[in-house]
Amino acid sequence: MLGKGVVDYTREGSILSAEQRRFYEKNGYLLIRNCVPQYELNRFRQRFQDICEKKVKAPENMTVMKDISIAKSEFKDGEKAITKIQDFADDPVLFEYCKYPGVVDVVKDLIGNPKSNLMAMHTMLINKPPDNGKLTSRHPMHQDLQYFPFRPADFICCAWTAMEKITRANGCLVVVPGTHKGVLLPHEYPKWEGGVNKAYHGIQDYDTSTPRIHVEMEPGDTVFFHPILIHGSGANRTEGFRKAISCHYANDDLCRYVNVEGTTQETLAEEIIEIAKKRLTRYGLDPNTVTLDFADIWRVRAREVNGRRSNL
């Protein structure tokens, strides 16, 4: 059972009912309707626009990404040119999402208790662009643990909030219930004709006929899911952009960094380390003289949500 000895999924939590906790334990995800109010979403949307239009200075460690199709399209500047921002934990407005009580209290019920110290490990605001026919806006089926050098997986949880109506048409999340009880599978870049965005790894030889659930959402709805749950998202076949905001949390009382050398994560870790080294030039450092390991990168990213940082 998930969280054995720490979380009792047969009992109600501070926020969640026993039925909701059992659903998460069985399926690896839980959808909470109206979790984040519209006025908060409006603030996050405005902040994203201000960052894209350079009306406010983005934190130095924030990553601003373009879809490979956008990089070659008519969208050169502003909100329509950006497909995602990552590592927004040092932005005072966007980080309020990670600390929003309606989200944090659910996470604590799933991977800890009311006194648990949580860390925000990975943050994203996704602006999925309209697909130009090459299907580059889709995300291959994957497991988030592929990217994380910390364990145990049962004490990591993603909160993913819709900032607008999200449907199959504009590329909602798809999940394969129960797969969180399996293991981390080997990942690689999909061999897609239209190309694949940087670090968009997918499960090797994945059977696309496997039944899946499409998680359609209204603004403010939030899906919480386990890092081994197999999931992905479809292409955005509408003319508009599709926004969502997310944070991966880890229970800092229980999680520790692990060495991924010699595992299925090693290749991706090397790729991310190389990306990080290239960014060191921003600070006047020679990347060839700096030694980094995968855990170092995550230590820099991680931020306290509550309590005092201890292990991560």
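Each Cβ is built from the backbone N, Cα and C atoms, and glycine gets one as well.
Just one of Trp160, Trp298 is listed by Swiss-Prot for the same 2-oxoglutarate site as Lys84, Met124, His142, Gln143, Asp144, Ser233, Arg242, and that one is Trp160. His231 (Fe cation binding site) is 12 Å away from Trp160 (2-oxoglutarate binding site) when you measure Cα to Cα.
Classification of Ser233 (2-oxoglutarate binding site) by DSSP places it within a strand.
Listed in chain order, the residues near the Fe cation site other than His142, Asp144, His231 are His139, Met141, Gln143, Gln146, Pro227, Leu229, Ile230, Gly232, each with its Cβ within 8 Å of the site Cβ centroid.
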